[in-house]
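K.L.:
Not my notes, these are from TrEMBL:
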type	residues	note
DOMAIN	1-382	domain 'Major facilitator superfamily (MFS) profile'
TRANSMEM	37-58	transmembrane segment
TRANSMEM	65-84	transmembrane segment
TRANSMEM	147-168	transmembrane segment
TRANSMEM	224-247	transmembrane segment
TRANSMEM	267-288	transmembrane segment
TRANSMEM	300-325	transmembrane segment
TRANSMEM	331-351	transmembrane segment
Amino acid sequence: MLCLAMDVTWPSPVLVMLKNETMTPLSHVVTDEESSWIVSVYFLSALFTLLLSFFFVNRLGKKQCLMFGSLPRIVSALICLFATNYQMLLIARVIKGISDTSAIVAVAPYAAEISSTEIRGSLGTISQVLSSLGVLIMFSVGPYVSYFTLNIIFTSIIVITFFPIFFLPESPYFLHSKGRSEDALAVLKFLRDSESTALTELNGYNVDKGINFDKRAFFREKTFIKTTLIGTVIALGTQLLGLGVFFTALKELKAESIHGFFNYLPLLSMGIVVLCFSSGAGPLYLLLIVELLDSPYRMVGTNVCMFASVMASFLLTKYFAAIITAIGSAATFYACSCNCLAFCVFVVIFVPETKNKSFGEIQSALANRVCHLKCSIKSTKM
């Protein structure tokens, strides 16, 4: 998550350098159109990767996908380090998108499957802390060093964070689904430090050894459709908050000089938004999506939700500046505010509490909540 956050925020300090004749390593200064593609092609490549990631995660396992997802990231960092033209940067950003997507579709399910119910939420918080650290490093170091120095630092962090992946255990759920129940039990005993707890959790897995699921039947399953729709709305709502494109918008905003308290109001507002995001939707939305999806449907549903999330990210990064130009910055951010309110109402009504609950208990709570909502609607009509 540290490297992924640095990848996402990498264009912010770098584009300033690429538009400066004395700082750019390229043969020419990039245009606004080229800049938009440097940012958005990352998400465009992620969309195509999501179409294949389900197959690789289920076939190779989540640990292997984390490893294979990290290798291309090193290659892309080296390309950025020695880039001499715009096309090389585009290729590097495409590879980054493929690499990060391969990793992130495995990270949230992996974290949910190795963690106990008591610490599952804490792992999501740690992910957000690492993401925030990556953003902090890029924004605090990037503007004050050269293009070459920044990419040296970035490449070093990528290499350092790659090697610990070799020592991670494989997901016990993946091992059990492949018929390796003894290996799954060994991993659970190592993670839970209790054989009885490990046996109880292993017995709770709802995928028996040797059973193959019909992937086409997923989309006829009401539980899968319901939870995937909720997860998709959560993913879209989180991306459409507008936080990820705020710094892009700053380049387009042109305002008259403001003095006094109102000069600091945008900074104060942004600080509140970041604080709320980092203590709520930011660290939890991916983990929440994984928790809401039952085990047989987890990877398929996660990919559908991630596809919606990445599509929203691509459209925002590519066309956000154009939207501001068309309707103005005020109307644009009012729309983001309305999305925040709608997102909050949706979570209150449809999303169950998952704290200290097993996956089975979460599914029961989700079914009861939807059933209660339907009964309330019928009674209101009567």
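Using N, Cα and C of the backbone, Cβ positions are placed for all residues, glycine too.
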K.L.:
Can you tell me which recorded stretch out of 65-84, 300-325, 331-351 has the most Cβ pairs within less than 8 Å of the transmembrane segment (147-168)?
P.N.:
65-84
K.L.:
Applying the under-8 angstroms CB criterion, which one of 65-84, 300-325, 331-351 scores highest with the transmembrane segment (37-58)?
P.N.:
300-325
K.L.:
Grab the same-chain neighbours of the transmembrane segment (65-84) for me: Cβ-Cβ under 8 Å, and only residues 6 or more beyond its ends, written as numbers and ranges.
P.N.:
3, 7, 10, 25-27, 53, 56-57, 91-93, 95-96, 98-103, 105-107, 110, 148, 151-152, 154-155, 158-159, 161-162, 165-166, 168
K.L.:
Express the predicted model's confidence over the domain 'Major facilitator superfamily (MFS) profile' (1-382) as a mean pLDDT, rounded to an integer.
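P.N.:
So the average pLDDT across the domain 'Major facilitator superfamily (MFS) profile' (1-382) works out to 75.
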